[in-house]
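Below is one structure, written out as structure tokens; comments come after it.
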Amino acid sequence: MICGSKNKSYLKSQNLKIFGQGKLNGIVEISGAKNSALVLLAASLLTNERIVLQNVPRLTDIEKMANILRNLGVKIVEKNNRLELDSQNISIKELPYELVNGLRASFFCIGPLLSKFGEAKVPLPGGCNIGSRPIDEHINGLKALGAEILIEEEIVKANIKGDKSRLIGTHIKLKCPSVGATETLIMAASLAEGRTTIENAAREPEIQDLCQMLNKMGAKIYDSGKEKIIIDGVNELCGCSHKVIPDRIEAGTFLIAAAATSSSITISPVIPNHLEAVTNKLQESGSKITIKGNSITINCNKIKGVDIETAPFPGFPTDLQAPFTTLMAIANGESKITETIFENRMNHVHLLNKMGANIKLNKNIAHIKGVKKFKGMDLVGSDLRTSAALIIAGIIAEGTSTISGLEHLDRGYENFESKLKILGIKITREFNKKTLKNKEFKTSSDPADIPRYKAA
């Protein structure tokens, strides 16, 4: 079995068996956005009142984040895709390493804990192995707000400086438009004293979703979605009910899968302007895109090569670079894919070449000559988006493919294979019962088998 990383090995606890040369047809329901839900869970720490989150996807990352909040003292009740969170009895301001390991989003807790309680201890974050994602912007921004920060033995220890009880609003200019830093600083500044301005802020839809929920809670945040965000700190925040926005990355993945298989599908619900960079490139490459309300329909017969360069929103999302590389690998003509966000996000290239692609990699640029077909293989995905790219490749390929490393896929796609089945793809999840024995959390294509969040 070929592994997505030459330096790592993965337990083959679960894999997907894909019968190739499939076509997609029908309507697929898009789940709530993982990257939004994770930060909204952290934001619930900012109030003592109840927060109700709707449209929360059932994913291993969400379960990990919920367990982190429970450990802090948050009471969580789940029903279907709805979470009720009660943070009034938080007694711990420290996140244990064993719970945060592998979940980068755990670091979001530092802003709310510091701003609300004046102290926080959070391990350095983990996540997908796609290169360096430093937290310098988070740390420098929190220091500017009045935090004293010490990093010892991979633990970030933060306190409010001196005898002050609150962070103090200030002007912060980010060196780069970091999504995580923007979100961390917005949450921290929402309970700070005075006005905070964040320049060169990230503009991603998930940030806008966070600001919308915080404003429902009583925050005073202006101009989210713009390069300069203004936050007037308030004394306290209240509870609210909020629906997580649709996942634009999941939506884009299905659109790309449809284009790669010359298929026609409709995705819904979506927010079309969140997907503009993707749909524009799909249209440029030969797909017909029809937008109607909160749905997008794609029809595709022939694909031609087009160039893309990843960029912060509203540019082409880095999270869809790997799936789009798969599409370009079977397009007519040549194309060039340039990754500008992460330095190690081309793990899929040598695997696609094993399947028959013709891709030459020069640092962060993939030069692609389209081929007519792929051949099915047994492969292991090394990260979340590589796994999605390989599944699309398996659907295109002649013969059968087996994709392992599903612990990555299950972090970011809710019931991915069952949705593909609904669209007509022959795909089966296989379990290694011996390995699964000690697993606390698993995802199944059968909704009845999906573990519920326990009431705490």
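Placed from the backbone N, Cα and C atoms, the Cβ positions cover glycine too.
What Swiss-Prot records for CYS128 is active site, proton donor.
The phosphoenolpyruvate binding site feature in Swiss-Prot is assigned to LYS34, ASN35; the stated evidence is sequence analysis. The number of other Cβ atoms within 10 Å of the Cβ belonging to LYS34 (phosphoenolpyruvate binding site), over all protein chains shown, comes to 24. In this structure, LYS34 (phosphoenolpyruvate binding site) is part of a helix by DSSP.
In sequence order, ILE249, GLY252, ARG385 are the residues of the chain that are 6 or more apart from ASP319 (UDP-N-acetyl-alpha-D-glucosamine binding site) and have a CB within less than 8 Å of its CB. Among the features that Swiss-Prot reports, UDP-N-acetyl-alpha-D-glucosamine binding site is placed at ARG104, ASP319, ILE341, with the record citing sequence analysis.
Positions annotated as 2-(S-cysteinyl)pyruvic acid O-phosphothioketal by Swiss-Prot, on the basis of sequence analysis: CYS128.
If you measure from the Cα atom of ASN35 (phosphoenolpyruvate binding site) to that of ILE341 (UDP-N-acetyl-alpha-D-glucosamine binding site), you get 16 Å. The CA atom of LYS34 (phosphoenolpyruvate binding site) is located 13 Å away from the CA atom of ARG104 (UDP-N-acetyl-alpha-D-glucosamine binding site). The Cβ neighbour count for ARG104 (UDP-N-acetyl-alpha-D-glucosamine binding site), using a 10 Å radius over every protein chain in view, is 17.
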